[in-house]
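Everything below concerns the one structure shown next.
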């Protein structure tokens with residue numbers, strides 16, 4: 001009886017959040033493709049070089065730019081929040097690959113969750129802090 005060796009592909013995952021956005025990121029050894037919600041990353045992020053640079057930043061710091069494919073399930077928020085959530089998810093996935101990556105990513109600030117979220121509107125005000133115009137008389 002012959003035994004077959006089944007080759008498994010390693011999949012590393014990480015979750016990132018920013019504002020109202022949540023990105024579930026999976027890194028698969030590959031050629032550096034970015035796929036977001038089944039759409040190529042360039043078209044999903046509207047060919048914006050800034051959003052693409054932010055999404056690839058953790059891989060670029062470690063010099064692993066064309067070694068992993070990034071598959072993302074992103075929901076909520078806008079493109080800026082989703083791009084930053086992808087960056088955090090990629091950084092966390094890279095830490096699960098090799099714990100030695102943590103110090104380089106931490107020094108760049110890629111492992112820090114940005115705590116800023118939209119402040120709620122208060123009653124009696126027009127927005128969160130904007131008050132109606134004051135009239136002395």
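In case you wondered, yes, glycine gets a Cβ from its N, Cα and C as well.
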Residues flagged as region 'Disordered' in Swiss-Prot, choosing from 94-115, 116-137: 116-137
Summary of DSSP states over the compositional bias 'Basic residues' (118-137), given as helix, strand and coil counts: 0 helix, 0 strand, 20 coil
